[in-house]
There are 2 protein chains.
Amino acid sequence: MTAPPDPAQGPAEGATATRRAIPEASVARLAVYLRMLRELAEQGAETVSSEELAVATGVNPAKLRKDLSYIGSYGTRGVGYEIAPLRHQLEEALGQNHAQSVALVGVGNLGHALAGYGGFAGTGFPVTALFDIDPDLVGIRINGIVVEHVREIPRVCAERKVTIGIIATPGPAAQGVCDQLVSAGVRSILNFAPVVLQVPDEVEVRKVDLAVELQILAFHVARRHLEANASTEANTGAGVNGHTVNGTGGLLQ
Amino acid sequence: MTAPPDPAQGPAEGATATRRAIPEASVARLAVYLRMLRELAEQGAETVSSEELAVATGVNPAKLRKDLSYIGSYGTRGVGYEIAPLRHQLEEALGQNHAQSVALVGVGNLGHALAGYGGFAGTGFPVTALFDIDPDLVGIRINGIVVEHVREIPRVCAERKVTIGIIATPGPAAQGVCDQLVSAGVRSILNFAPVVLQVPDEVEVRKVDLAVELQILAFHVARRHLEANASTEANTGAGVNGHTVNGTGGLLQ
DNA sequence: TTCTGTGAATTTTTTCACAGCT
DNA sequence: AGCTGTGAAAAAATTCACAGAA
């Protein structure tokens, strides 16, 4: 996944913010830390230790510290992290200072739910444009936003300075929609459709695939089964057994 | 830097199915290959090469072959893979032979959409139980399934032999629901709530976190911005530039 | 003394490159 | 000829373990 073909690890720079190429895997976790910091801030906490934050986010403390070190962190040895400044650091590093405008294409079952999902607006990702192709949907209003026809993607996205697109269409429609988003200048796409999108190199696609997630879980169910049987040992009383992986994981951990 | 000192790549065993611990990262991709194989089968194809399948799933061909090698694949050198047998191998390896029964907790916005999402049933993951705590929802029928009260989780999950649980509740309710699922014997959970679930080691949790996904994309938007500015070069005409990562990725790739 | 920050070791994943069937 | 299967090399990510600031 990713990684510039060019192995040159570009050295320094004196600039303000970011320090060095942050590993992909770390970026995903930084986003999780940020959420937790916000929660802690809301609860009135002022500092956290790497240990506490790690437990709360289901991560190993050393990993957490290393992750934070990539953004040049602001901890205090012997004490921990002050929540407010750390939160700021993270917001800056993750591009949360300038709010991003999100377009959502496909307002069916899932898309409708996503459009109404508070989690987005709440964390600084206002959905500012909705699109569909169904005449019954075009024109209706969801959360105060009018659903436009897909053909309007270029115009509307430009007008509203959309930087992130979400595709929640049926599979067959996804590539076409994606092409339109790309030609409208959108360079980051979250894809819920069960297809692999073809995009130019400079476009970042992330895929959320519900069926695949279930498939992965099913694998672990089956494995647990095998392991339980494999342990020919006593297994005295109760139900299923076999020690198995704990994926506190989630998205690309 | 660094090579594995201990090259022990655990070899064979005579048994029927699985060969050896399949790397986590591979499992996720195997699920993707399986879907694509089904699609190809539907289109009437009979064979694929690793190259073709790799392109279709957005993966490097060598990686794909290595992934398949973990399940002891059935390709033909000089030719490729016969779709039908390979598909069977994959289904067996991923635990798709015995259909898994899925319970969905939280039939609000998102949960409702998921309950109706055809993608699940279609790929062998029938949602057989729905739960909520809201009196307005308990008792209604979605897709022919009656929504039960959350307190019925133990009974219903046992009756319907649920092996996979999906949590689509608001954050604060998630841990409680999770505990109930676990005590009902569910060992694989897909969590859409924005919290880190605390579970015993033998329970596998996967997390789908929409806000985090957007956050990750926002990071790339910001980075692209920086890179574009960093390249002091001309950048003759049009819009944004800077070569960026292409994450065909998605969930834990 | 406590807890961060980080080199270095370890482990996992990816990629290369080629021997070996068909 | 062509494409798979896989050791071995390379890269990335994780974890260890400890020096050093408060």
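Each position is counted from 1, following the chain as shown.
Backbone N, Cα and C atoms are what each Cβ position is placed from, and that goes for glycine too.
Bear in mind that TrEMBL entries carry predicted annotations, made automatically and left uncurated.
Features of the protein shown, as given by TrEMBL:
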- A:1-20: region 'Disordered' (REGION)
- A:32-71: DNA-binding region (DNA_BIND)
- A:95-196: domain 'CoA-binding' (DOMAIN)
- A:GLY106, A:VAL107, A:GLY108, A:ASN109, A:LEU110, A:GLY111: NAD(+) binding site (BINDING)
- A:234-253: region 'Disordered' (REGION)
- A:235-246: compositional bias 'Low complexity' (COMPBIAS)
Considering every residue in the domain 'CoA-binding' (A:95-196), what is the mean pLDDT value?
94
Taking only same-chain residues 6+ apart in sequence, whose CB is under 8 Å from that of A:VAL107 (NAD(+) binding site), what do you get?
A:ALA115, A:LEU130, A:PHE131, A:ASP132, A:ASP134, A:LEU137, A:ILE142, A:VAL147, A:ALA168
Proximal but sequence-remote residues of the same chain as A:LEU110 (NAD(+) binding site) (Cβ under 8 Å, at least 6 apart):
A:ALA168, A:PHE192
Using the structure shown, find which entry in A:GLY106, A:GLY108, A:GLY111 (the binding-site residues) has the sparsest Cβ neighbourhood within 10 Å.
A:GLY108
When the DNA-binding region (A:32-71) is classified with DSSP, how many of its residues are helical, how many are strand and how many are coil?
29 helix, 2 strand, 9 coil
DSSP helix, strand and coil counts for the domain 'CoA-binding' (A:95-196)?
36 helix, 28 strand, 38 coil
Would you mind listing, in sequence order, any of the binding-site residues A:GLY106, A:VAL107, A:LEU110 that have a CB less than 8 A from a CB of chain B?
A:LEU110
Other C-beta atoms that fall within 10 angstroms of the C-beta of A:ASN109 (NAD(+) binding site):
17
